[in-house]
Each structure stands twice: as structure tokens, then as C-alpha cells.
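Comments concern the structure below.
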Amino acid sequence: MQLTWLLRITLVFTLLVILMGAYTRLSDAGLGCPDWPGCYGHIKVPTQDHELSHAQSLFPDHDIEPEKAWLEMIHRYIAGGLGLLVLCIWFLCLKTPDAPKKLPLFIVLLILFQGALGMWTVTMKLMPIVVMSHLLGGFSLISLLLLLYLRTRPRRIVASDTSVQNLAPLALVSLFVLIGQIMLGGWTSSNYAALACTALPICEGNWMDNLAIADAFSPFQGQHPSFEFGVLDYHARMTIHIAHRIGAIITASLLLLLAYRLFVSTQLKALSLLLVGLLILQVSLGISNVVMHLPLGIAVSHNGGAALLLLTLVTINYFLWHKSSSTSRV
């Protein structure tokens with residue numbers, strides 16, 4: 001019971017960290033503190049006159065913006081708190097005889113790597129491949145925490161439900177397609193391409209003749225003093241944005257098909273309805289981002305919607321792939 005409650009708290013806290021990370025990134029505060037783990041050579045944001053003078057001498061090329069610096073440091077503080085929660089979960093799993101052992105250890109290693117990605121995000125000046133990897137690390141972390149939570153709960157029998165037993169492959173494909181779409185979303189955001197297209201449904205103008213696929217999806221974009229606000233030209237950013245929109249159409253179609261097929265199951269009908277509801281919300285948020293020119297609250301909510309969709313699909317896959325006769329734990 002203690003482990004279950006700790007996992008619930010940690011799941012909510014992880015979602016908070018993801019949303020705070022999105023808020024920091026979308027507020028252009030990713031380099032609010034140009035060093036790591038401190039901020040302008042201090043543990044906290046420098047505010048006193050002597051601290052500001054020292055900070056300016058260390059980073060003469062940076063304009064100190066306390067609001068952005070505090071956003072970045074708050075994100076680091078709560079991420080550190082999440083790390084402590086994950087360590088507590090690992091220790092509890094080690095002490096609990098029938099709890100999984102390898103999965104919590106992997107989660108600990110993942111959050112350590114996530115911390116390294118957070119450092120590289122700053123030291124590599126918001127290099128898009130690092131920023132996207134950091135975003136994916138957060139989504140992977142919350143997904144694995146949910147999986148651990150599901151495995152510590154009493155087992156539910158779903159495999160015997162013949163009406164949905166053959167849907168496991170479709171659910172798995174849907175999960176991987178959604179992950180691909182989340183990657184495209186992260187690539188769009190990290191390359192500052194969210195407003196490259198302002199018309200619906202695909203893009204304005206003769207976009208098909210102006211695609212720049214090679215430039216748009218090159219993981220390494222050369223040497224630059226900073227990648228803040230993006231370094232790609234308009235055509236490359238437009239290509240990224242279009243790929244994300246087309247990916248959204250494919251993903252939405254597949255998830256709707258999965259939800260329709262799951263609706264016949266008495267055990268998974270609620271998850272089917274939740275999936276449809278979250279999908280409608282996510283598409284609405286995506287359209288609102290375009291029409292309203294990326295308002296901060298809606299853009300952050302779009303990140304949160306992606307996380308909730310991912311958690312829903314992880315849960316669906318767990319129940320569909322779980323064999324009730326299996327008693328082994330990793």
C-alpha cells in the first residue's frame with residue numbers, strides 16, 4: 001500500500017515536472033541560467049547587487065533576466081525532488097518481497113540520464129536533438145512509472161475477453177505511432193517551428209514545392225553560439241511543421257480505430273472513451289495553437305495532453321498484452 005501511494009504521488013509529480021519543463025521551454029527560459037547546475041555561478045538566482053555584478057563578470061555576453069532564471073531554477077529544483085522520489089520507490093521495491101526489482105532500477109538509471117540531458121540542454125545551448133531527447137526522457141519516465149504502478153496493483157484478467165484479445169498488435173502499433181508523433185512534436189518545438197504554418201489544414205502557399213526534408217530532419221545542425229530561437233531557415237521549419245500535422249492526422253485516425261474496436265469490451269470501454277476524449281482535446285489544443293498563434297497556456301496544455309494520451313495507451317497495452325496465467329515478475 002505504501003509503495004502504491006508513493007507511485008501515485010510520483011506520477012502526479014512527474015506530470016508536474018513535464019508541464020514545468022514545457023512552460024520553461026515555451027517561455028524561452030531554457031537558457032535563463034547559462035550554466036549548470038547553478039545559476040550564474042550561484043546556487044540560486046542572483047538578486048543582490050554584488051551577486052549580479054559577479055554574475056555579469058562571469059557571463060558578460062548574457063543579459064541577466066531574473067524571471068527566466070527563476071523559471072529554469074524552479075524546474076531544476078522540482079526535477080531534483082522527482083529524483084529523490086524515484087530513489088525512494090527503488091528502495092521500497094527492494095524491501096517489498098513481491099515487488100518488481102529490475103524495472104525500478106532501470107527507472108533510476110533513466111532519471112540519472114535525464115539529469116545529464118538536462119545539463120547538456122544548457123551546456124549545448126538548446127541543441128534541438130538534445131532538447132527533444134530531454135523531452136522524450138520525461139515522457140519515457142512517466143510511462144515506466146505508470147507501468148511499475150500497474151504491476152504493483154492486483155492483476156486484472158483481460159486476456160480472457162475474446163472480443164478484444166486480438167487487438168493487442170493494433171494497440172502496440174498505435175503506441176509506437178503516438179511515440180513517433182510525440183517525437184515530431186518535440187522536434188517542432190525544439191526547432192521553433194510551431195508557427196511556421198499559420199493556415200489549416202496543412203500549410204499556406206505552395207508548400208509541396210518548398211519542402212526541405214534533408215535540412216529539416218538532420219539531427220546535427222552545425223556549430224552555433226546558441227540554438228535558441230532556432231537556426232533553420234523557413235523552408236526547413238515549414239517541413240517540420242507539416243510533418244507534425246500529417247503525423248497528427250495519421251495518429252488520430254489510428255487511435256480512433258483502436259478506440260472504436262475497444263468499445264465492445266466491458267472491461268476496456270472506459271479506457272476507450274477516455275482515449276477518444278483526450279484525442280479530441282489534443283486535436284483541439286493543436287488547432288488552437290495555430291489559430292491563436294501559440295498562447296503559452298494552450299501550448300503547455302498540448303504537452304500535457306500528449307503525456308495523458310501516452311499514459312492511456314500504455315495502460316491499454318498493459319491490459320491487452322498481460323496474460324492472466326503469468327505469475328512471474330521482473
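These residue numbers are counts, starting from 1, taken along the chain as shown.
Even glycines carry a Cβ here, placed using N, Cα and C.
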Task: Same-side membrane placement of Leu52 and Ala270 in Swiss-Prot - done: no
Task: Tally of residues which DSSP labels helix, strand or coil - the topological domain 'Cytoplasmic' (267-270) - done: 2 helix, 0 strand, 2 coil
Task: Length of the line joining the Cα atoms of His134 (heme o binding site) and Cys39 (disulfide bond), in Å - done: 20
Task: Segment confidence, the topological domain 'Periplasmic' (24-76), expressed as mean pLDDT - done: 92
Task: Residues of the topological domain 'Periplasmic' (292-295) by DSSP state, where helix covers H, G and I - done: 0 helix, 0 strand, 4 coil
